[in-house]
Amino acid sequence: MAITAGTTTAITAGTTTAIAAESTTAITAGTTTTTTDRITTAIAAESTTAIAAGTTTTTTERTTTERTTTAIAADSTVVVTPTTPVSPAKEVGGLPVPGTMAPGRPQATTSPATAPVPAFGTQKGLTTAPSTSAHTTAAVSLYPFGMEGGDQECIQRTVDFNSSLFKPEIGFPFGKSLRDVLYFTDNGQIIFPPTENYVASNPNPPPMGFSGQKGLPMVAAFWDDADFSQGVGTTWYQEYSTPTSTRDPLVRDVEAKIEKYLKTPYTAKWTLKVTWEKAPAYPSRTYQAVLTTDGNRSFVLLLYQDGGMRWDYTKLAAGNVLIGFSSGDGYAQNNELTQQPPAVKYRPDQHSNVRGLWIYRLDNRSRVNYRLRCLVWLDTEPAPDTWNRQLPPCPCSQPQAELDPRYRRSRGAIRGPPRASRRVGGWQGVPSFSGGGSGVRCLYQDGSLLEGWQERPPSSADRELEAFNWCCRRVQKPLFCAKFAEKRPRVSCEGYVPPTPAGAFGDPHMTTLDGLTYTFNGLGDFVLLLASDAQTSFVLQGRTAQTGTAQATNFVAFAAQYISTTTTATVEWTLGSQGKIQVLLNNESIQFSYSQGEQDVAEVYYSPGVLLVNTSSVTAVFDGAIAISISANSGILSVVCGLPSRYQNSTKGLLGVWDHDPADDFQMPNGTSIPVNSSEEEIYNYGMTWAVGEHSLFAQPLDTPVMNFTPIFLSRLRQENESQYQLAALQCHGSKECIYDSLSTGDVALGLATQSLTDDFQQKKTALSKWSRSSRPRGHGLGNWALPCSLPGSFPPCEAEENSPSGTLIWEPHGMSPFTVNLEAVGSNNLSALLQLRFTLCSCSRSQECDYSNTITLEGSSLQVASCRCEGGYSGTLCQDPPDPCAQGCFPGVGCDSHTGCGPCPAGLTGDGRHCSGEGLGCGSACGSRSCPEGYCGNRGRCSLHPITCTPICDCPPAFTDQRCLVAGGDFQPLPNLPRRSVLLRVRTLRNATVGEVNGTVRHRKGWARGRGHTGQRGSLGCRDSVRPHLSRDPWGSGRSAGDGLAFLVVSEFTYNSRGTIIQFLNEELLEAITSAFNRRRGRREAGAPLLFQHLHRDNVTDLVKLTVAELRGYFPCDLYGYKGYRLHYTGTIGFVCVSPCKMGYCQHGGQCQHLPEGPMCSCLPFSIFFPGGTRCERLAISLAAFLGILLGALALLCLLLAITCLASHLCRRHQQQG
């Protein structure tokens, strides 16, 4: 059969057209072929049908195509409508069923002139292009939903409703933004509001779809007006948060679909499944939307029940269903079905590459999600109580941290906003335990402690800082930093006690723990320190060798052993070739490259129980408590050790008995002591008693046994050459250690090096103990403190007032620009403590709307802004936007007034302007020509017909609680007829001006006439557009030039209303707000307001009309609706409210209250044996039945007692007779 160009072939019902095998049917350009219902067209196997460009072929119900090859050229359209037979293989619930195949792309062959079929794109998703031939592919079924799927139900039997807010912790990337909250509506929308206070739902999609312009971010799964109010249909949802945990099978299947069809690897971190089940509208539809994100990318899967999209679009007043999305920042996509006829676009379950499935990618920019990184880190970290035992506090100052050998320098944290960040110095104290490590990280700024926290393990310091920056700097949400603090508890310097150091330098010159200094030149291995407590013990030994040919010795090796209940660690330091220090840990060599200069980042080696740090010295920190630091200088090893306070009164050895009394430091192993003023010879003999015997810690024994060796003493050196002694004393500035080393070795440089080491040790010891607990500055009553307060911009950022006696800071912000305020407390010893202040600013229009539990930090600064909880229909970030009846949208073609809301429905339709139904717009209607009965809704209620059942529905004023606006009882705000709040302004222009110019300029003052000004933390300046200036020439100026301008009187009027905040503002804050708003813009030229004024002083603003709350009470009637008995109440947060007595316990004893036109009426209900009565059910009476029952019961009981008494008496007499 050949159908040429321009011809029309109609195959009518009952006709059979057979195209045999291997036959060719060519349908050329411009041809229209229509195959109607009940026609059977058999295209045999291996036949070929070519459809050229521009051809339209429509195959409707019951058409069968089997094993054919169809080539479709560009611009042709082939549509296959519902009930086409499909393969029984399906993905049921998205999960593979045994013996079935997953859905694939429809197979098609193309002619050389045919455009390629589009792939599943990363933005357009699963789309069916106009040149695509739809085949009988397997349909994708919905995921399991409802109670069986573990879902939660969300349903309200109202015409429109929204779900509660979802707040994915990692955020949801949408377009260019990371959204915080979302919700879904009954109308097939998933909306991402700009704030939690803006919850809108528009049942009417735009007829032309999403434009890509600014607007409310949303995903339209199947956006059309649905109505669940008649008890049909419901919605279900389930949230899957999977940052690190095992993923649900549904999540895994979502990942598999994205990887299969979009060809990109994907692992979900948060997923939300929403199901609209039997969404009612002529008659119903069932479909799903699955939102998913990995924190950086986001997708939505739209699934439509195969054959379940059953809307009868012919009965819809407006057939503008919309599928797609708009990010609100210029990124939007309309499903290709949007511009198709209703027969196509209302059947998304039949028109897609994989029937019933569409996938869109929702983000369009790459980003790093620091929330996700923080949450993943938090999820993998154990609880602090498993690793933070006995952690020390931070040193109170950076000099202390530099000198305390238990702490090491580390890379500091990044502070401040990314564009102006700076690195703060970091110091890390790292205690360690068996099987793991932990410590504290301390951050300093300008020498003072800024903050500190516990961390683990020491080997991943960079990772710890990254986590801190993710959670506390990048996210800018204090909640994340609070969670970080739960895993890394904060520490301060409270309780910090600097270690007490002891050491040995040069030709050994000892300084004990109690500060006693002496010289000991023994040769061999010696016990420098023995310390122990109930759980631990510590030994430090030193090895000396002869210093060249001199009769003196110096240290060449040290060994230390720490034993606790969980670990044993032995460290040995040996002076190697070229002055390098070789380290053995548990007899295994540790390779450290030694450097004389201080390095910014130390080399670290960690082992259970001990941490080795290599900088200019090699330090071993045992269990975070004992620090032994060894350094090499001029071929001599020196040692400095520091012990915690728990070892006081528990030490002995050459470094003395630590009891703060140097007199007993020369205690020998047998417990006896020699005086501290003993001779050099006696001190030498004392030191030899501490020679190591059999229990040496060194890996190698001494090279040669120690023979008889007697050192030369300083007294003998002076006797031998007094002049040389005096010269050395002059060169050494009187230091005996320097004099001895210079004379004994003949090397003045060695003596000066010893002096330098000794002086440095004493200075560090003094600095460590300089800031004790008693000298730490306090936050109150300080002699002086500095408050650096600077903000960007030319305006004064802040005003601070110091009150030295009390330490009180009074400070008022003048804007919301980020700033940082540090409070520095300086003590009498010139040491300081730094505190970064945190300010939480309430910028909501009313202070009671501020939510201080939900704040954001502005660019890592001191300023935090509290979120707002809007009341009374207000919206916006700061609740600054009043209720807008047009925000919810109106029916297409219906106008909206900002005061009264949507206008009437188009001709032939009925409804409230948002929901319209009935005949009109060329569509049929189930309600036909029906209309609301006259007077159906009372008391100004608005009547409309339900779009499905056609029953009348009333939209009642707030005072009425029933369905027909007849029974009152609800609260409502009265509508007053009030005098205006008025003030008189005396203003002076900077040039000559007319009354009209002044009037126009005043009206352009944004902070005044239009209610957009802010005063401190307040919201709008007054009622919007309520200023009505009336001008006259100033009598005292007589309309003549006064300086460079003219003086005028301006009478400004403001409207009172029932809101308490407005009344308080107009009565207490208006005058200050006017002067502030008037002067703030002085000097700026605004469009349409070129006139400038002189500074407006407070004395130039005078009250004309001002009403107190008591005076206003008489202006607020509560008989607005003709219902008597309402009572007027006033509260500062709400204002004037008319309250029904029914809500105030009017009816007593459980009576039911209804507020009727004549007033509240009680329906008394009996309870127990009582029957309430009276107008308020205040009287109680016992019912007759209850009274008779009680009487009969009492009589019965009395009879029973008499019977028992008679029986007892009879038995008693009988017993006596028998006796």
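The first residue you see is number 1, and the count goes up from there.
Quick reminder: no glycine exception, Cβ is built from N, Cα and C everywhere.
Listed in TrEMBL for this protein:
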| type | residues | note |
| --- | --- | --- |
| DOMAIN | 221-365 | domain 'NIDO' |
| DOMAIN | 366-488 | domain 'AMOP' |
| DOMAIN | 500-700 | domain 'VWFD' |
| DOMAIN | 928-966 | domain 'EGF-like' |
| DISULFID | Cys937-Cys954 | disulfide bond |
| DISULFID | Cys956-Cys965 | disulfide bond |
| DOMAIN | 1139-1178 | domain 'EGF-like' |
| TRANSMEM | 1180-1208 | transmembrane segment |
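This view paints the features noted in TrEMBL onto the structure.
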residue: Cys937; record: disulfide bond; Cβ neighbours (10 Å): 21
residue: Cys954; record: disulfide bond; Cβ neighbours (10 Å): 19
residue: Cys956; record: disulfide bond; Cβ neighbours (10 Å): 21
residue: Cys965; record: disulfide bond; Cβ neighbours (10 Å): 22
Cys937 (disulfide bond) to Cys965 (disulfide bond), Cα to Cα, whole Å, comes out at 6
Long-range Cβ contacts under 8 Å made by the transmembrane segment (1180-1208), restricted to residues 6 or more beyond its ends, are 1149, 1166, 1169-1173
Per the Cβ filter (under 8 Å) with a sequence gap of at least 6 from its ends, the domain 'EGF-like' (1139-1178) is approached by 959, 967-971, 1122-1129, 1186, 1190
Using DSSP three-state counts, the residues of the domain 'NIDO' (221-365) come to 25 helix, 59 strand, 61 coil
Secondary structure of the domain 'EGF-like' (1139-1178) by DSSP, residue by residue, totals 4 helix, 16 strand, 20 coil
